[in-house]
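Since the structure comes first, as structure tokens, the remarks are kept for the end.
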Amino acid sequence: AMLPVLAAAWSLPAAAFLAALLLLRAPAWRSDGRGVVSDLFHQLIRYGKTRLPGWSLNYLVPKSWFTHFYVVSVVWNGSLLYWLFRAEFLGESLPSWIQDMHRALGRDSQSEDMGKYSEYFSALLVLLLLWLHSCRRLAECLWTSVFSSGFIHIVQYYYGLGFYIAVGSTMLCQVPTNVRNGKELSVQIRWYHIVGITMYIWASLHQHRCLVILAKLRKNKSGKVVRLGYDVPFGDWFESVSCPHYFAELLIYVSMAIMLGFQNVTWWCVVMCVLFNQALAAVLSHEFYLKNFHSYPKHRKAFIPHV
């Protein structure tokens, strides 16, 4: 399934993150202080421990505001899940504003090729797991993670808010507005649903473990926060990469693409956006570790094991 407008919309930020990643490797752009354009570039892509001082310091917000992303996602995507659930199990039509959004994006509600039962169930399943992912991340932000005193640029902040609104809306637009199902769920379950859910659980567990490891670096044995600085993490996927929680995030979105039967081009554009965004953040963090910890394990990669 592909909606050209949505696919193009997700391709733009994906291309921007890829361009930023490539520019970061270019010698002329590797450090700030080379002019206003170079300084702005670094201010926009860096955050937290990798932030550089510059003229845009007035446009920074606390790194702890990451929590807002998941508050918005839980509320927004929870609402979308509610409407899709009622359409699936109670036979109700989706709200008129959702139907208007479908039409604006070129979705024909009468299209038969998009009315397959398995695709409708896949969309419901992915939206449910996206909401559960947001609930878990919100809980981790509130009760597990220990945020440093770092900052993020206001552009990154608004991008994060928009991302979680757009990603749920994208998923909802993958189904027609007037499908009436009525089949048993067991009939709709496909092998790729099982594979996708298994991968989702596996990646989510490792992401949580890695976030716990990072939080423990700032706590004593009794669980009290005693420092806000940075240290070298060890254990779980940290033995292979510097940012395994970013890698797990990518795997979670790949698992959703699998649950959509591998063939949803629009969602693969979402995956590409997540890939380049997380890769950029991972490379910056990896460089920070190498620069500030001389005994940092040399075998660790930045983002993807062995790559």
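From the backbone N, Cα and C atoms, a Cβ is placed for every residue, glycine too.
The feature signal peptide is assigned by TrEMBL to 1-33.
Same-chain residues lying 6+ beyond the ends of the transmembrane segment (65-85) with a Cβ under 8 Å from its Cβ atoms: 94-95, 98, 123-124, 127-128, 130-131, 134-135, 137-138, 141-142, 147, 152, 157, 160-161, 163-165, 167-169, 171-172, 175. According to TrEMBL, the feature transmembrane segment maps to 65-85 (among others).
Taken from TrEMBL, the feature transmembrane segment covers 117-134 (among others). Below 8 angstroms of C-beta separation, residues 1, 70, 73-74, 77-78, 80-81, 84-85, 88, 164, 167-168, 171-172, 174-176, 179, 181, 183, 185, 187-190, 193, 197, 200, 204, 252, 255-256, 259-261, 267 of the same chain, each at least six residues beyond the ends of the transmembrane segment (117-134), sit close to that stretch.
Residues or ranges marked as transmembrane segment by TrEMBL: 154-175 (among others). Distant neighbours of the transmembrane segment (154-175): 1, 3, 6, 9-10, 13, 44, 47, 59-61, 65-66, 68-70, 72-73, 76-77, 80, 83-84, 94, 98, 101-102, 105, 107, 114, 119-120, 123, 126-127, 130-131, 134, 260, 264, 266-267, 270; these residues of the same chain sit at least 6 beyond its ends, with a Cβ under 8 Å from one of its Cβ atoms.
Taken from TrEMBL, the feature transmembrane segment applies to 187-205 (among others).
Averaged across the domain '3-oxo-5-alpha-steroid 4-dehydrogenase C-terminal' (190-307), pLDDT for the predicted model comes to 96. The feature domain '3-oxo-5-alpha-steroid 4-dehydrogenase C-terminal' is assigned by TrEMBL to 190-307.
Here TrEMBL flags 265-290 (among others) as transmembrane segment.
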